């Protein structure tokens, strides 16, 4: 089994080659040609291969072990790939430099809608990406239930730059396991709608909730889906109006689109990448060292004991929207080659080896 789950039995090029070899001089009927096009497109979007199930993946991880050695060469190669495909240093967020007045951009999650940068949106962007690059030691914290009773909070807080996903709870009951430090926190517009009623009725609950993130950047995909633009702008104006410590950054749709294409070319086929994979991808392009926590999308832990889906609840995601096992296998591969470190064991039992 490939460690990344990338083996395919069919590809569009391979299928074309077979047709050309079997029928070198035959012209297919119009209906048959159209059917071939449909089949080849389907195979490209949904390649035929069997992904290992949860039990097989967990057993594979247990067999390989989690001991780790940093490989600066592997990390450097992957950082260069990120720079070449997606340019996170310049395109991670919307800025006055990459989104000037009058520029038209397409929503990355929709095919039919574009938007033009006008004065009202341009004024919300920073001049440039507001980080001192490269960032040194970064921690990307997912929300997996494997973090519960992990004791990883102290280790997470030792990072120079901490990224978190989807406005997670950081109250005192969780800090021992997930830490309290944050520098960048993502917020999907769907969360603003579900938890805070799109900020249409009361803003106080939202403002109070945000205080736990201190001086963090709040990273929002305002221009990913058209329905997400208005809630994202409300978040910006709400925090600005009350003089909150947080600063809103809007994801550049060109960056999100490029990250999606990058991982699709490596075998991840889903309606949408998870927020966690977007963040890890950005970190690999922005940071010298990357450690990830809570990236374990399975129902049992490393001892094959049942765990909750998140460290704070057991609410399951919508089925089929993300390809979490495929994403995990890609990240596990990066861990095994030393490009990043994936923390799966309790932190007090951490087994690290020197840099190579």
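Cβ coordinates come from backbone N, Cα and C, glycine included.
The topological domain 'Cytoplasmic' feature in Swiss-Prot is assigned to 1-29.
Among the features that Swiss-Prot reports, transmembrane segment is placed at 30-48.
Sequence annotations record features per position, and here Swiss-Prot assigns topological domain 'Lumenal' to 49-356.
Residue 71 (N-linked glycosylation site) is surrounded by 18 other CB atoms, counting those within 10 A of its CB over all protein chains shown. Per Swiss-Prot, the feature N-linked glycosylation site maps to 71 (among others); the stated evidence is sequence analysis.
Look at residue 119 (N-linked glycosylation site): DSSP puts it in a helix. Applying an 8 A CB threshold to same-chain residues 6+ apart, the list for residue 119 (N-linked glycosylation site) reads 101. Summarising the annotation, Swiss-Prot assigns N-linked glycosylation site to 119 (among others).
Around residue 287 (disulfide bond), the same-chain residues six or more apart in sequence whose CB sits under 8 Å from its CB are 134, 135, 136, 137, 138, 161, listed in sequence order. Annotated disulfide bond per Swiss-Prot: 138-287, in sequence order.
Sequence-distant contacts (6 or more apart, same chain, Cβ under 8 Å) of residue 143 (CMP-N-acetyl-beta-neuraminate binding site) comprise 165, 166, 168, 294, 310, 311, 312. The CMP-N-acetyl-beta-neuraminate binding site annotation in Swiss-Prot covers 143, 166, 274, 275, 276, 296, 310 and is backed by similarity to another entry.
For 214 (among others), the entry in Swiss-Prot reads N-linked glycosylation site. Of all Cβ atoms in the shown protein chains, 14 besides its own fall within 10 Å of the Cβ of residue 214 (N-linked glycosylation site).
The feature N-linked glycosylation site is assigned by Swiss-Prot to 245 (among others), with sequence analysis given as support. DSSP assigns residue 245 (N-linked glycosylation site) to coil in the three-state reduction, outside any helix or strand.
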Inter-residue Cα distance where the pair is residue 214 (N-linked glycosylation site) and residue 274 (CMP-N-acetyl-beta-neuraminate binding site), in Å: 25
Beyond the site residues 143, 166, 274, 275, 276, 296, 310: chain residues whose C-beta lies within 8 Å of the centroid, for CMP-N-acetyl-beta-neuraminate: 142, 144, 165, 294, 295
Top Cα neighbour of residue 71 (N-linked glycosylation site) in the set of recorded positions 214, 245, 275, 276: 276
Most distant Cα pair in Å, residues 143, 166, 274, 275, 276, 296, 310 binding CMP-N-acetyl-beta-neuraminate: 16
Of 245, 274, 275 (the recorded positions), the residue whose Cβ has the fewest other Cβ atoms within 10 Å: 245
Whole-number Å value for how far residue 214 (N-linked glycosylation site) lies from residue 296 (CMP-N-acetyl-beta-neuraminate binding site) (Cα to Cα): 27
